[in-house]
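J.: The structure is given below, and queries will be raised subsequently.
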């Protein structure tokens, strides 16, 4: 079937901000799809609220709308643009749910818009648990016994029939939100209540738990001609019961016999045909390891996290082909872009093993519940490729950047046997390391299988790794053993530890003896046909397939897995850096290991190496390619942290020199630079012991800001108000010693301002200045940022500009620079300087029109900004107001305090743009998922230090007709100021207490500022956790004040005439 000529304009819905369960894989899919549709000659309109994406760049679609992904705003765009069709299957759950809403609201019918790709009925059949179950029964495909419930009573009735354990899955939610496994009544009540609340249709599926079965996934594609193929099948190492997004996954499956493989393949193809899906689809199945029994778990009728993984694992571009299928092309008429020869209807064949390991945010959230279950908790993932499972697994482990270079974890090493067993029986994010430790202690594979339900095949493979450790230990310096160990994926660091040598010794020995990796190509066809894609992985074999060209090359280091503090913004900068290198006439080579992103799409760079970002793995590529130099500015802290080791090994770093990077990162050198330049910063010193920290704090006066040196995303940063808190911090958050000093600074309450600049050694271009709504002390990544600044005087802006230019020149910055200032009155202090690309680069590039990463790269390669038409200073302000609003994933992470502070907690961001600040902020808040109600009740419970300030806010809430509810202390203050208020009891008092009010939906907004209680049992903590009920809870009065401004601009004030007279 040729492509359709009856449609011209297509609206593509993006997936919005990054949250747990919906990350960068949709930027990758959406970018691919928009480009594919443009390639076929269609006009593409994109709507997405996430400014950090490549897909919202103006060149990706013909028109880009960065507006909230809500029924209201998307309907406006449809009415204005009148597209012929809409493609929702690339926007994740957000896109699917919006399509369903637009159809139900009659907007699509009213404007004559057709849904492309998977039809609405198919989406509903796959997503609605009841319809799906009916279809499976019709097809004779087995599903676990289950019941659809809408209330707790119905849940009890089902459990009485089949008994515990049962799995709860809410309908139409993302990443298993609200779901879980219940083994008793208490868990049933809790999980079912939350699940019903979080499901937009108040419906949950309860099913018999088949936890412990092997979990297998098939990624399938089908076109309108009913051609269907399996792109890739994958096996979860963790058994059923753990969300596939939190599971370690291998492709292709390792434990299936041919009969099992065919059985599940046929079921998957039968299901995609019955659903009539046109495009990509993911089928999840559970297989009983001891018989041929299997169950269908679920189907995702859209591009998903698994399809991004399958695309990168096979090289087969699912999203691109899905978009073309949506406009009528068929698999047998499209060429597979990887080989350039075979058609897309050839099923990919793999001659290597791919391993994906999730990256969890628990290094940021120490108190979070680390147990894994049906609700997803990972923020990102890494992928690695090897010739054997062992090699692939070890490469993935060292890609995670969790401070381990092998299957070894200190906590596991020191754990008592009973603790170890518990950690293996109840899966957490570190289970793999405990299994390795158990094998070292002589626990048998059989016992481990019984504890973990993990297939014996994988346990035997891990045992191979452990046995090799012993061989290495017994044969120090033996070259044959060294060769075998490298073949199993051992890192130099792991071998060095077993041989009591340094990592560089092992590396030197290998080079001298010629024990170095070769690079193999990912070609989708197991080398059956020649392939055109320069996409490589390393392995220890004979033949090298990566050919070095004559053209001078530049290597760019990517930013690795997405985690809190280092998100998709860095991938955005990496991609733009690569494009600029190509424009400058060099060959662009990228090294990265994140399967979700655009940077690891093989069509982005001239060569892609899918490798761990460690000194050893990066050096291997450098040794082969001999580049002009390496760029580390765009890969976040991941790349910056490799700079010193690479330079020590003789690598040329391009852009800002290592010495200058160090001057910005090292506290004492930085202070010296500031005093030479005459730029003020808050008083503070460096401590190398607990006693010293206390002495410094008492000298400069509390409150102080404490943090370790060299961190990203404010890890382990805190504001402490007295000696006791400081001691608690020193004991729990950091291990202070002369190698790891702790910084103690005076905490200044003021406005925080953030600036990004581009410098080439002479010219310093400042695209824009952003003012933060939350005062200093809230991490910049968690603050609402506004451009242009709304309250800064010309004098302050001039100071900020002057300091920025002085710093860029004084630190000899070549490339990008990010500075955070705090403004108190007319004084401007520098808080910190990051000599690299930052989180705000995509946002600023888009709203100011200055292509920051592109200019910075050209400056790094030696071009002058003045020759490109830029001059020193702030660029002219663009019309309009733009806000960047952070988005959090708290509903997925239990036991995490949502209060904002110096430690970053947001996973993503959205943009709001309009003509006034209030309108822009309204859009930003709505896009971030905060429901803004023009009337209702606000519940206030604030710390003593905030009471005075809260009075003015409360009065303004009352003036626009909001009812005020408050706890005792706060209520007294309000009454004293003559403001009417209803008292609500504290948590431990009689009903209706504060939690009842929130749970019954009697408050539309909660404002709760920090009473010092970080522990889960404090009242404030429990109030703030009510985000699980989906009510906006603001923990900073600045955010509340901004929201009030929005509400005031939406409502008319109603005051009686006499009131007006009395007040004046």
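Cβ atoms here come from the backbone N, Cα and C positions, even for glycine.
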J.: The ATP 2 site in Swiss-Prot lists 746, 748, 752, 777, 778, 779, 780, 820, 832. Which one of 707, 878, 894 belongs there according to the record?
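T.: When Swiss-Prot describes the ATP 2 site, the candidate it includes is 707.
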J.: Looking at Swiss-Prot, which one out of 32, 262, 284 binds ATP 1 in the same site as 129, 169, 175, 176, 208, 210, 241, 242, 243, 298?
T.: 284
J.: What same-chain residues, at least 6 away in sequence, bring their CB to under 8 Å of the CB of residue 834 (Mg(2+) 4 binding site)?
T.: 664, 817, 818, 819
J.: Counting all other Cβ atoms within 10 Å across every protein chain shown, which of the binding-site residues 175, 241 scores highest?
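T.: Neighbour-count leader: 175.
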J.: Taking 208, 707 as the binding-site residues to compare, which has the smallest set of other Cβ atoms within 10 Å?
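T.: Comparing Cβ neighbours within 10 Å for the binding-site residues 208, 707, 208 has the fewest.
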J.: By DSSP, how many residues in the domain 'MGS-like' (930-1064) are helix, how many strand, and how many coil?
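T.: Split by secondary structure, the domain 'MGS-like' (930-1064) comes out as 63 helix, 21 strand, 51 coil.
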J.: Far apart in sequence but close in space: which same-chain residues, 6 or more away, have a Cβ under 8 Å from residue 298 (ATP 1 binding site)?
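T.: Residue 298 (ATP 1 binding site) has long-range Cβ partners 126, 132, 169, 284.
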J.: What is the number of residues in the region 'Oligomerization domain' (402-546) that are helix, strand and coil, as DSSP sees it?
T.: 79 helix, 11 strand, 55 coil
J.: I want to verify one value. Collapsing DSSP to three states, which class is residue 129 (ATP 1 binding site)?
T.: helix
J.: The region 'Carboxyphosphate synthetic domain' (1-401): mean pLDDT?
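T.: Summing pLDDT over the region 'Carboxyphosphate synthetic domain' (1-401) and dividing by its length gives 93.
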J.: If you measure every Cα to Cα pair among 707, 746, 748, 752, 777, 778, 779, 780, 820, 832, the residues listed for ATP 2, what is the largest value in Å?
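T.: Between the outermost Cα atoms of 707, 746, 748, 752, 777, 778, 779, 780, 820, 832, the distance is 18 Å.
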J.: Just counting, how many other CB atoms are there within 10 A of the CB of residue 243 (ATP 1 binding site)?
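T.: There are 21 such Cβ atoms around residue 243 (ATP 1 binding site).
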J.: Among 748, 779, 820, 832, these being the binding-site residues, pick the one whose CA is nearest to that of residue 129 (ATP 1 binding site).
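T.: Nearest by Cα distance to residue 129 (ATP 1 binding site): 779.
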